[in-house]
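Participant: Can you keep this structure in mind? I'll have questions shortly.
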């Protein structure tokens with residue numbers, strides 16, 4: 001995608017520019033338009049209902065964009081957007097867990113630049129910079145193409161359905177020491193002292209999915225029937 005905003009970026013030797021809300025403060029209008037335009041293209045190509053990446057939403061949070069541009073600095077080839085989010089997940093045992101965690105929010109390579117290894121280059125750069133493995137990063141509403149990419153390059157395919165539409169792969173739960181290793185870093189950690197601080201029913205993934213489809217809430221409450229007091233002489237309600 002040819003765009004004048006690419007000339008205003010400062011990529012590294014790998015032609016990837018890392019953008020943060022702080023780094024784009026007071027930036028040129030072309031950079032703002034670049035983020036808006038490539039975000040809109042990502043939405044259209046992936047068939048999403050709303051735009052995920054805009055300049056304003058990017059600046060209003062703890063987010064980072066990894067933007068790959070061409071050698072001549074004239075074309076945007078693709079981008080990865082990540083950010084810190086406070087999320088709730090069901091694990092494979094039926095436990096409800098709360099995390100503040102790095103999440104993959106948008107991932108896109110322009111159609112004319114696909115199947116050239118640019119997507120893997122972007123993800124590898126993001127992982128190296130953030131100090132993470134792909135299995136430890138939940139993905140917000142991934143497209144079928146994104147899921148296929150994760151299976152091909154990282155062997156990630158199995159996941160537990162979540163009510164918030166994030167995908168968190170089964171390998172995430174394989175490391176029992178994850179909590180202690182990451183506590184203090186902020187990304188990710190488990191709130192509470194135990195690995196299962198919030199236990200709820202239903203106890204099976206199938207039952208959870210059914211409850212989610214009916215309520216779209218992590219918890220479903222039943223209204224309590226009020227107790228009616230009766231007059232002991234007339235046996236009529238007060």
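Cβ atoms are placed via backbone N, Cα and C, with glycine included.
According to TrEMBL, the protein carries these features:
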DOMAIN    1-173  domain 'N-acetyltransferase'
SITE      46  site 'Crucial for catalytic activity'
BINDING   107, 108, 109, 110, 111, 112, 113, 114, 115, 116, 117, 118, 119, 120  acetyl-CoA binding site
REGION    179-217  region 'Disordered'
COMPBIAS  201-217  compositional bias 'Polar residues'
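Tell me about the setting of these features in this model.
Facilitator: Less than 8 angstroms from the CB of residue 46 (site 'Crucial for catalytic activity') sit 108, 143, 145, each of them six or more residues away in the same chain.
Other Cβ atoms within 10 Å of the Cβ of residue 115 (acetyl-CoA binding site) number 8 in total over all chains.
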Participant: When DSSP states are folded down to helix, strand and coil, where does residue 46 (site 'Crucial for catalytic activity') land?
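Facilitator: It is helical.
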Participant: Counting every protein chain present, what is the number of Cβ atoms, excluding its own, within 10 Å of the Cβ of residue 113 (acetyl-CoA binding site)?
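Facilitator: Summing over all protein chains shown, residue 113 (acetyl-CoA binding site) has 17 other Cβ atoms within 10 Å.
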Participant: What's the longest C-alpha separation between any two of 107, 108, 109, 110, 111, 112, 113, 114, 115, 116, 117, 118, 119, 120, the listed acetyl-CoA-binding residues, in angstrom?
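Facilitator: Site span for acetyl-CoA, by Cα atoms: 16 Å.
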Participant: Give the three-state DSSP assignment (helix, strand or coil) for residue 111 (acetyl-CoA binding site).
Facilitator: helix
Participant: Out of 111, 117, 119, give me whichever of these binding-site residues has the highest number of other Cβ atoms within 10 Å.
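Facilitator: Its Cβ has the most other Cβ atoms within 10 Å: 119.
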